[in-house]
Every structure is written in structure tokens, then in C-alpha cells.
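According to TrEMBL, the protein has these features:
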- HIS95: active site, electrophile (ACT_SITE)
- GLU167: active site, proton acceptor (ACT_SITE)
- ASN9, TRP10, LYS11, GLY173, SER212, GLY233, GLY234: substrate binding site (BINDING)
Amino acid sequence: MRRTMVAGNWKMHGTRASVAELIDGLRNLNLPKDVEIAVFPSELFIDRVINGLEDAPILVGAQDAAIESKQGALTGEISPEQLVGAGCKFVLIGHSERRLILGESNETLNRKFAAAQASGLTPVLCIGETLEQREAGQTLEVVERQLNAVIDEFGIDVLASAVIAYEPVWAIGTGLTATPQQAQDVHAAIRAQLAQKNPEVAQGVRLLYGGSVKAANAVELFSMPDIDGGLIGGASLNADEFGAICRAAGN
Ligand code: PGA
């Protein structure tokens, strides 16, 4: 059985004051035990969030990590090994904001993916099509290409210790959510694609949906058979809303 996961991507949000408030709110939530819950703060606040959530059933991940797993001379970067040392469990790889705004290539992302796994971080590999690609009927081709970039280089078995997040770019931060059926269709196609290569990995890997998930649409999305939880942006900045989404993922 795949354990449902709800992950909160805080992106480049937060001040010392707002992060302290968010930590307080998260500590007081009533959270389901059967859901794995994680938050991804700005790297500036990771240490503080890990300390603040020490007794809460919430894990912490990073939004990015360096292409080398060990610490060294790489100005401005944070290595996976450092993140593990700080207490991080996960790292986002290939979020569309990094692919599209910062121009991160599959080659760079592959190096980050490998460096993360080498240090014991679980990569959350983000994939998804733009509106233009969806309208051109290229959705499945695009996500397949993004996944194959990893599989062709490292083999499918590396996905046994990763999480995949399908996030249609047109649904991120726009208030437009994929319908549960639209999301399910892509998730099912991803799982089928993986199953051709390794059925066991396909059955075991968690596929999260991301893109304007909120408490009001979470139950419906999470009830689809191939949606194993969500990657939540905007709504994860409000502790009560995030708590409600986590409960929607519980049984
Ligand atoms: P959103 O962001 O929930 O604000 O749409 C999702 C994401 O980018 O992970």
C-alpha cells in the first residue's frame, strides 16, 4: 500500500515573523496518522522549522539542493549532505518554476537527483506540461519525456526511493485546478508507463498531484485511485487550510 503524502511548498515566502506564526499553527494541528506530511520552507528558515516542528508529525524538505552531494567549494549552493545534517528528509527536484524561470535543464536536474539520493534525501521529482503543450495534445508525451530523462540515465529502480509530483504548469498558482479526472488520467498514464519497465516500482511509487489544491477540492482529488496525495503551494502557507488538506488525505 502506498502511504498518502501531503507536502507544503512554501516557495520564496516568509519572514521571521510569519514563519514563526506558521510553525505555531502547524504544531497545533490535529493531523491524521496515516498521512506522511512534509513542509518545504525557504532554505533560510529550514533550521528554524526543523527545530520548531521537532515534536510534530511533520517532516521537512528543501526546495532545491546542489548538484554535488558533499559540501565543498560551490558558492551559494547547499549540498544534500548539509541538508541531511540539518534534518531534512526530502528535496524538490525540477519544480516548473526552476525548469522554466531559472532554466534548469534535465542534465542539471539529473545531477541534483543523483546527489540527493546519494546523501539519503528522497527526491520529489516534479513534472508537468504547460498550457500550450496541453492544448496541443502533448501532455502525456511531455511528462513521459521528463520522467525518461531520469530513467534513461539511472534506470527505473531509482524511482523506488523517490516521489513523483505531477503539476500541470497551467494549474500552479492560477486557481485553475485540473479536474480530478484530468489529474487521474495523467497519473494512470504515468503509472502505466512505469509498469512497462518495472511493475513493482510502478505500484509502489507515490504520485502526488499539485496545482491549486485547497481544502475545498482536496477530497475529490485524493479519492482518485492513482493520486497518492498532493504538493501544495499557496494553501500550505495557512496552517489551518494545510491541516484541512492533510485531513482530506487521511482515511
Ligand atoms: P499552488 O502551487 O498550490 O500554489 O498552485 C503548487 C506548486 O507549485 O507546488
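Cβ coordinates are placed from backbone N, Cα and C, and glycine is handled just like the others.
TrEMBL entries are annotated by machine, without manual review.
The shown structure was predicted, so the numbers you read here are calculated from the model rather than taken from an experiment.
Using a 10 Å radius centred on the Cβ of GLU167 (active site, proton acceptor) and all shown protein chains, the other Cβ atoms total 28. Around ASN9 (substrate binding site), the same-chain residues six or more apart in sequence whose CB sits under 8 Å from its CB are PHE40, GLN63, LEU92, HIS95, GLY210, LEU231, ILE232, GLY233, SER236, listed in sequence order. Residues near SER212 (substrate binding site) in space but far in sequence (CB under 8 A, at least 6 apart, same chain), listed by position: ALA171, ILE172, GLY173, THR174, GLY175, LEU176, THR177, GLY233, GLY234.
Among the binding-site residues TRP10, LYS11, SER212, GLY233, the residues whose Cβ lies under 6 Å from any atom of ligand 1 are, in sequence order, SER212, GLY233. Looking at GLY173, GLY233, the binding-site residues in this record, the fewest other C-beta atoms within 10 angstroms of the C-beta turn up around GLY173. The residue listed as 'active site, proton acceptor' sits 15 Å from LYS11 (substrate binding site), counting Cα to Cα. Of all the recorded positions listed (LYS11, HIS95), HIS95 sits in the most crowded Cβ setting, with the most other Cβ atoms within 10 Å. Reduced to three states, the DSSP call for GLY233 (substrate binding site) is coil.
A sphere of 10 angstroms centred on the C-beta of TRP10 (substrate binding site) encloses 21 other C-beta atoms.
Largest Cα-Cα distance over the residues recorded as binding substrate, namely ASN9, TRP10, LYS11, GLY173, SER212, GLY233, GLY234, equals 14 Å. A coil conformation is recorded for TRP10 (substrate binding site) in the three-state DSSP classification, outside any helix or strand. What surrounds the substrate site, by Cβ distance within 8 Å of the Cβ centroid and not counting ASN9, TRP10, LYS11, GLY173, SER212, GLY233, GLY234, is the set ILE172, ILE232, ALA235, SER236, LEU237 from the same chain.
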